[in-house]
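Data block below; observations after.
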Amino acid sequence: MKLTCVLIVAVLFLTACQLTTAASYARSERQHPDLGSSDQNSKLTKRCLASGETCWRDTSCCSFSCTNNVCF
């Protein structure tokens, strides 16, 4: 019985610690958005390849159609 109570208290304590850490981390992200992932920013600036340009896979073309290394 005592062991069960100790385990329950320990789990509640660890859960509270994780919740406060997650909340402070989210608050920090909002205060400093420029410290976020640069990968996320680079995805916003990538351009797709126009029809007739050389490609290596379908996802790089605007039309998502890459045949014989040419976007269609």
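Every residue, even glycine, has its Cβ placed from backbone N, Cα and C.
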Based on what Swiss-Prot records, which one of Cys61, Cys62 is disulphide-bonded to Cys71?
Cys61
Swiss-Prot annotation, disulfide partner among Cys5, Cys17, Cys66 for Cys55:
Cys66
List every residue in the same chain as Cys48 (disulfide bond), at least 6 positions away in sequence, whose Cβ is under 8 Å from its Cβ.
Ser60, Cys61, Cys62
Taking the Cβ of Cys66 (disulfide bond) as reference, which residues of that chain separated by at least 6 in sequence fall under 8 Å from it?
Cys55, Trp56, Arg57, Asp58, Ser60, Phe72
Between the disulfide-bonded residues Cys55, Cys61, Cys62, where is the Cβ count within 10 Å the lowest?
Cys62
